[in-house]
Amino acid sequence: MTQPAILVLEDGTVFEGESVGANGLSVGEVVFNTAMTGYQEVLTDPSYARQMVTLTYPHIGNTGFNDQDDEAKQVWAAGLIVRDVPRRPSSWRNQVALPAWLQTRGVVAISGIDTRKLTRLLREKGAQNGALMAGEIDVEKALEAARKFPGLKGMDLAKVVSTETTYQWQEGQLDLNANAFVQAELKFKVVAYDYGVKINILRMLAERGCDVTVVPARTPVAEVLAMQPDGVFLSNGPGDPEPCDYAISAIQELIAKKVPTFGICLGHQLLALAAGAKTVKMATGHHGANHPVQDLDGGRVMITSQNHGFAVDETTLPANVRVTHRSLFDGTNQGIALTDAPAFSFQGHPEASPGPRDVGPLFDRFVASMAEAKS
């Protein structure tokens, strides 16, 4: 027997549907993602902490879930909003259906609502705070919870989702034919600051010969330098980058020491802040796997995976920082490089998961910068 569910936005808009997850109440910022596939990766991406994800593609759950496609050890999204869930998933890799997977992990989710209407509302009004409620329904309680949510501006979530202990990562990409993970020869020592790192980012680094040491977000830079890394990686993550003063000061020290540094997503924003720029909260953010980005150095246009609600303000970039990539959707900054240090970053997700890997060569660029520094 299905349970009722509602989504209530802070402006008072109510969507009624049915529960396809756990019963309960969950609050967060409601955003929309335009990817047609990769819902498992989206739900387990730490960058979605405190966000409820609306998937615009109407049929979600077609291929079920498996043990190999998680991007973290737990679900970080605050909730899931979909139009329709197929009754029977179909994939040779499927191990469990969407409702059972969500219920086991305690994720509140709603289906049967007009996601096109919701997406238009979010596009026109911007991301909204909201509340998902399933099981026993109380609209007023849900509305009150939505309006009490403080929003992501000023919220440091990197320290919330980060690992609590240091660990090693040496596992490469999954070879589906062999049903095994690639093991490469490890030539470079990389320290990865975990602000909410995705597993497939670590796999992309390991596949290129990086022996990765993952450290908590607030690890003192002196400890990182004592490891004598060939390079430092600044990971993706959720929330507002500006409150992460511990990360900004650490990155400033890495820049001063000329340590090869590569940042993705939140790591990109933190590198910009460390260089002296500012960031801004976006109205709707970028969430999807079809975003065109131009490489300003070569003019090439690439289709990228994106997941961020904050952006670097290009007008505040200092003279020693050049713009390398720009969004062709809205002109926002997508990449920077320092002219006086071996440090660069990209706003989107070169590892995709889900999405295209047009920007994957940025990992090769990082490896090349470490090789040059060692020579």
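Heads up, residue numbers simply count up from 1 along the chain you see.
Glycine is no exception: its Cβ is also placed from the backbone N, Cα and C atoms.
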Looking at L-glutamine binding as recorded in Swiss-Prot, which candidate out of Ser47, Ser90, Ser91 goes with Gly237, Gly239, Leu266, Gln269, Asn307, Gly309, Phe310?
Ser47
For the C-alpha pair, I'd like the distance in angstrom between Gly237 (L-glutamine binding site) and Cys265 (active site, nucleophile), rounded off.
7
Cβ-centroid neighbourhood (8 Å) of the L-glutamine site, Ser47, Gly237, Gly239, Leu266, Gln269, Asn307, Gly309, Phe310 excluded:
Gly196, Asn236, Pro238, Asp240, Pro241, Cys265, His308
Rounding to the nearest whole angstrom, report the longest C-alpha distance spanning Ser47, Gly237, Gly239, Leu266, Gln269, Asn307, Gly309, Phe310, listed for L-glutamine.
13
